[in-house]
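*Asks:* Dropping the structure in here first, questions after.
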2 protein chains.
Amino acid sequence: MAQSHPASTNTPSYLTGDPAGLREFLDKFDVFLFDCDGVLWSGDHCFPGTVETLELLRKNGKQVVFVTNNSTKSRADYRKKLDGLGIPSTVVSSDGHHARETEWLTPYQEEIFSSSYSSSIYISRILQLPENKRKVYVIGESGIEQELRSENVPFVGGTDPAYRRDVQPEDYKRIAAGDTSLLDPEVGVVLVGLDFHLNYLKLALAYHYVKRGAIFLATNIDSTLPNSGALFPGAGSMSAPLIMMLGQDPVALGKPSQAMMDAIEGKFKFDRTRACMVGDRANTDIRFGLEGNLGGTLGVLTGVSSKEDFVSGPVRPLAYLDKLSDLLASEQ
Amino acid sequence: MAQSHPASTNTPSYLTGDPAGLREFLDKFDVFLFDCDGVLWSGDHCFPGTVETLELLRKNGKQVVFVTNNSTKSRADYRKKLDGLGIPSTVVSSDGHHARETEWLTPYQEEIFSSSYSSSIYISRILQLPENKRKVYVIGESGIEQELRSENVPFVGGTDPAYRRDVQPEDYKRIAAGDTSLLDPEVGVVLVGLDFHLNYLKLALAYHYVKRGAIFLATNIDSTLPNSGALFPGAGSMSAPLIMMLGQDPVALGKPSQAMMDAIEGKFKFDRTRACMVGDRANTDIRFGLEGNLGGTLGVLTGVSSKEDFVSGPVRPLAYLDKLSDLLASEQ
């Protein structure tokens with residue numbers, strides 16, 4: 001049961017209700033990278049068994065890393081969310097006692113890797129911006145801002161109330177003329193993430209920044225965001241108008257971009273052949289694991305992709321489950 | 001100098017400063033269909049010579065029709081805009097006196113054909129909607145609403161202030177559950193036009209209406225809107241997030257859709273071989289005329305497309321000018 005190439009047409013193993021198959025699968029991996037929305041929870045609803053499943057993995061010495069494309073939250077926000085959902089922030093050792101933090105048992109917040117963090121690292125450490133073009137124009141929420149601050153990247157836009165207003169007739173002339181009170185001349189990057197306050201003015205400014213030479217980045221390109229068992233506009237939908245206007249795709253920093261995998265590996269130092277990506281989306285999560293040459297990928301049917309997507313689609317996981325907590329049957 | 005097929009690679013004639021060529025060109029046509037933004041004006045700035053050029057055409061017995069994809073305005077709004085810009089609303093006859101209205105000299109408002117009007121006609125006269133699915137969910141401004149009213153089409157959304165608000169946590173559950181106070185069960189069509197008040201809630205509702213079976217229409221798919229000599233988000237940019245989320249294109253009713261040409265012909269009754277489409281965009285205006293088998297197309301360089309687009313692009317006009325008022329030189 002070797003991990004297949006992205007373009008291959010293997011038939012994924014269906015492991016729900018197969019304790020022996022589950023044990024065999026788990027034994028192959030030391031590290032599990034988890035997508036969150038649609039895998040551990042949907043919106044504010046934690047799936048039954050999520051907490052117990054993560055405990056089981058940790059009890060068996062597996063390292064858990066939460067890898068999320070949701071750019072609206074920072075790693076600190078995610079820690080709060082995980083705490084609020086009852087997902088433990090300490091790690092239980094195999095004998096059932098609380099373990100001391102060891103080298104591989106990193107502090108909890110460090111187990112979280114978000115697209116806003118990945119984007120901030122890319123801007124601060126990879127991009128070589130000219131001295132006078134270091135500001136980032138943000139379309140997004142506070143999660144992006146917090147992570148940019150953590151990397152000392154200056155920014156404008158984001159949650160600034162000055163941008164949460166209707167476009168005014170005089171804005172057109174000011175933007176067309178490059179008025180520096182609307183278009184900051186030091187902006188060298190436009191970073192687009194999920195923004196619940198997207199509006200016409202923000203899109204107009206982002207477009208003009210890119211036309212004036214700014215680099216076009218997206219935290220991620222998921223078109224939808226699961227919530228309450230349904231789908232809502234995702235970060236990719238914020239970039240979509242700009243992609244259409246500019247005729248240009250952004251550099252996307254979230255899954256399935258391998259920029260994110262490289263950053264995770266740089267931080268957590270693991271053997272890719274002993275790592276498994278768990279996710280609900282074939283075209284982002286599973287693709288991310290396959291293109292990253294991880295040892296395995298595991299699909300769950302509690303999010304976006306359907307059984308048909310996993311079994312017959314162009315991007316197929318190594319195995320799939322009805323739901324994450326089906327892993328608990330490995331103990332039977 | 002025969003009109004070419006859309007896919008052909010003719011070399012357009014450059015007629016600026018060529019009085020004989022201009023006269024020869026004008027003699028071929030009885031009807032001129034004009035795009036407005038980028039041809040007659042940009043935003044609120046009327047190009048010098050626009051008024052005189054239209055007067056010249058009318059004086060020479062040409063019928064003028066304004067064909068606009070700008071869905072934010074109704075035909076009545078356009079009449080006001082034309083009046084405000086000094087573009088005459090009566091027609092001057094060839095002897096210089098104001099002409100009486102004759103059969104071809106239709107009342108001024110009837111010379112205007114907008115994508116919001118075209119969309120309303122399509123919904124009311126072409127679509128066969130079930131009795132309980134006749135409402136339209138509108139993303140757009142009052143122009144669309146006025147034209148829907150003129151065709152007695154019921155609608156929700158649009159400029160209703162109830163939709164101009166931030167998305168709230170409880171909205172996700174309500175939308176996911178199909179709460180009828182947010183998702184009107186009688187909506188059978190989603191119509192997306194240019195909306196200066198686009199927001200997350202409006203996009204989420206449009207997505208869910210289409211997922212529940214509503215027909216996805218767009219007034220037009222222009223990605224940008226010219227204003228003050230620059231480009232801003234257009235109606236296509238409002239549809240872009242939905243296209244990405246749904247993996248489905250809307251039926252577009254504005255240029256270059258031939259649904260619009262058929263509607264114009266149905267109303268104005270003209271000989272297509274004696275009609276010329278004038279526009280600034282190769283991929284909408286010029287394509288519209290070419291695919292409509294009009295006798296000619298005329299590009300102007302005061303809007304979106306460049307000389308290179310017209311001369312070397314995939315969609316080329318029969319002839320092009322630096323600016324519309326270069327037609328005035330035909331009298332020299």
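Positions of Cβ are set from backbone N, Cα and C atoms, glycine also.
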*Asks:* Of A:Asp262, A:Asp271, A:Asp280, which one shares the Mg(2+) site with A:Asp35, A:Asp37 in TrEMBL?
*Replies:* A:Asp280
*Asks:* Name, in the order they occur in the sequence, the residues of the same chain whose CB lies under 8 A from the CB of A:Asp35 (active site, nucleophile) and which sit 6 or more residues away.
*Replies:* A:Val67, A:Thr68, A:Asn69, A:Lys255, A:Met277, A:Val278, A:Gly279, A:Asp280, A:Arg281, A:Thr284, A:Asp285, A:Gly303
*Asks:* List nothing but the one residue from A:Asp37, A:Asp280 whose Cβ has the fewest other Cβ atoms within 10 Å; the candidates are the recorded positions.
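*Replies:* The recorded positions A:Asp37, A:Asp280 were compared, and A:Asp37 has the fewest Cβ atoms within 10 Å.
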